[in-house]
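Each remark here refers to the structure printed beneath this line.
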Amino acid sequence: MCKTSGCVIVDSTMQQFLILVNTLGVMSICTVVYSLLQRQVPDRVLRALFVGLSFGAAAMVVMVQPIYLAPGIQADTRGAFVGMAMAFGGPLAAAVTVTLAILTRLLIGGQGALTGVVVILATAACAGLWFAVYRSARKRNWQAWILLSVASSLPTYLALHRYADTGEQLKVFLAMLIGALMICFGKMLETEQRRGRRERELARAAATDALTGLPNRRALENYTRELEEAGAQDVTLLLLDVDHFKRINDDYGHDEGDRVLQGIAAAIKGTIREGDFAARIGGEEFAVVVRTNDISTGQQVAERFRQAVQVPYGPPSERRISTISVGGFSFNRKPFSYLDGYKLADLALYQSKAEGRNRATITPYLQAA
């Protein structure tokens, strides 16, 4: 080794070994972080953002511990992390990783900074072409991972040809290291991606009513718990119950009853506003949580649901229209409580039933007190 202007200019096997160990360690940490993100972050956009940040941080680490070829000129394995970000986070994650990598290379500076930026952009472009072809996980076989390894390592390999003093051994070493990382860790990350997708699907199924596609009671309880923890006020809880549903099942069969419930769920989905929450909580009972300013607003919202949720059923010769009764409770300028709200909304629903059904009754907080 020889030292020139504060940089270590190397060809040695020891330096190649150190960059190998460093890159393997950083990639292992990325694998653990990616696994956690797959399990803990259900939102796709937010997950992609965090994937980009994690691979971007990894690229920054390997760039500050490179092999120095000359003062201001370095070689490292940043291409592996740019390629991984594209493969497992998509364009958003890749954009975040590329941004962090470019900023880091510019801060490092030196005469090779511009070439380094070009290598990062070229790697992202090659990985982007790969992603366009192999976006579907079903297409990602061994051949696909080999192509990604080539796409991620080729810009680095070609860039090293600019420097006559760069030995062929180093070029091959870096290209093979990046390629091997893409294949080995790519398969590991792919396994974590499948496992995370499966767990998210199971969690979604556990919180979703299979018949209607609406959230179920468990999801409602989780949502209302968040409202309580946030100290939410001006919230109205509505309970919707299908009138004479047993008669529909008895007269026309359970298949027709299921179709009515599906139609009602579709009508509810089409009626709720952004920020509202609807769930099926029982056989023919639904719940809707809405933000309201006062009791009159709550009454208007309840009436809108009552009018919208009317589903035809029965044979064409004796077509009928299903109706619902609505009971609600409004927390006007008071903290929301699911247990109190449910109990009082249920009493209001009972009142709607007692007064002839197909009507909406909303109880304000002060009246209940």
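Every residue gets a Cβ built from N, Cα and C, even glycine.
Per TrEMBL, the features are as follows:
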{"type": "TRANSMEM", "residues": "17-37", "note": "transmembrane segment"}
{"type": "TRANSMEM", "residues": "49-69", "note": "transmembrane segment"}
{"type": "TRANSMEM", "residues": "81-108", "note": "transmembrane segment"}
{"type": "TRANSMEM", "residues": "114-133", "note": "transmembrane segment"}
{"type": "TRANSMEM", "residues": "145-164", "note": "transmembrane segment"}
{"type": "TRANSMEM", "residues": "170-189", "note": "transmembrane segment"}
{"type": "DOMAIN", "residues": "233-365", "note": "domain 'GGDEF'"}
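The stretches the transmembrane segment (17-37) and the transmembrane segment (114-133) do not meet in space: the count of Cβ pairs below 8 angstroms, excluding pairs fewer than 6 apart in sequence, stays at fewer than three. Counted with DSSP, the domain 'GGDEF' (233-365) comes out as 61 helix, 42 strand, 30 coil. Mean pLDDT of the predicted structure over the domain 'GGDEF' (233-365): 89. If one looks beyond the transmembrane segment (81-108) by at least 6 residues along the same chain, the residues whose Cβ comes under 8 Å of a Cβ in the stretch are 26-27, 30, 34, 45, 47-49, 51-53, 55-60, 62-64, 74, 116-117, 120-121, 123-124, 126-128, 130-131, 148-149, 151-152, 178, 182, 185-186, 189-190, 193.
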